[in-house]
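J.: The following feature annotations were taken from TrEMBL:
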- 64, 114, 158, 165, 189, 242, 260: substrate binding site (BINDING)
- 391-407: compositional bias 'Acidic residues' (COMPBIAS)
- 315-380: domain 'STAS' (DOMAIN)
- 383-407: region 'Disordered' (REGION)
């Protein structure tokens, strides 16, 4: 069975494709060459499932999203207090390339604007820019689950137009927030921005962050310390979308980081990592279509982090055979992430002719889960005699679209 989530993402992509507002990033000759029609979406769950649509496997430069792995390494190498001594965690309210330094201390406001990211790169252990960049690229590769490389053309183009960042580096050095030579740090910072990734890579990386730093594909192997992932997500929530971070958090409610190549990485703790790439940018430097996709996903799937989910009980109670039928029992409060587990299990197939989805032990079900379960039951009905046992009439609360037997 083809997952309805893949089809849903394709529909979202088609619905948002006609939005041609915004412009491709200017000032970098390589980024200027991006096809403005390019558009990809990927969603990865903490259970290891990955769903994609469009140009999800096309590679592009990470740009500012690379600030996250660099920040993680600086925190690991220097500790939280050591990093906070040089870079604050406050939203700046300014554009990403502004000189946002504290008047008294000379600290950048946060690690996700350029001034802060340059200072952070200088706190990653390594005897040279090359060593620091190699460590950052290695961490990105580890989180994405495959070996990644640097786009040397993008790196060179960054350096050719990096006078502003060089000036920021010298200001940081004069304020005592940078150990190394400013030109060397800017070189390394430009190289980390040129690491090539795809939407799929970013979504998998996001799923690791959503899973507290544990691998979502390799038996919960620890890839990043839990306290580091918590800190990253906290700063992403308040500072990740530049001077649009406040409105983003109120409307979308997903901790996120954007880059001027047109990518946005969003992470909903405990549930999913989502990545969108489309090169047209708005005034804040965020992907126009990317913002539209996240707004749609947040609304449709109820992914806003302030959406209350009362129960921590797993949604899947059991899968067993009874009198020649496969019984899929759900329980507790079933929301999108819980329904996705059932959808993923259904894609693996069932050996019996009859399948029963039993909602007897379900207390609450939201619209996103209800719609997904309806679609799962409908598709299972192509090959199985499929029934939904719904004594609490939870499925009756949403739109009526029944090709299956609900009782």
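The backbone N, Cα and C atoms fix where each Cβ goes, glycine too.
Relative to the rest of the structure, where do these features sit?
T.: Sequence-distant neighbours of residue 158 (substrate binding site): residues of the same chain at least 6 apart with a C-beta under 8 Å from its C-beta are 28, 190, 191, 193, 194. According to its DSSP assignment, residue 158 (substrate binding site) is helical.
Across the residues of the domain 'STAS' (315-380), the predicted structure has a mean pLDDT of 91.
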J.: According to DSSP, how is the domain 'STAS' (315-380) divided among helix, strand and coil residues?
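T.: Helix (H, G, I), strand (E, B), coil: 27 helix, 29 strand, 10 coil.
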J.: If you count the C-beta atoms lying within 10 Å of each candidate's C-beta, which of the binding-site residues 189, 242 ends up with the smallest number?
T.: 242
J.: What three-state secondary structure does DSSP assign to residue 189 (substrate binding site)?
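T.: Its secondary structure by DSSP: helix.
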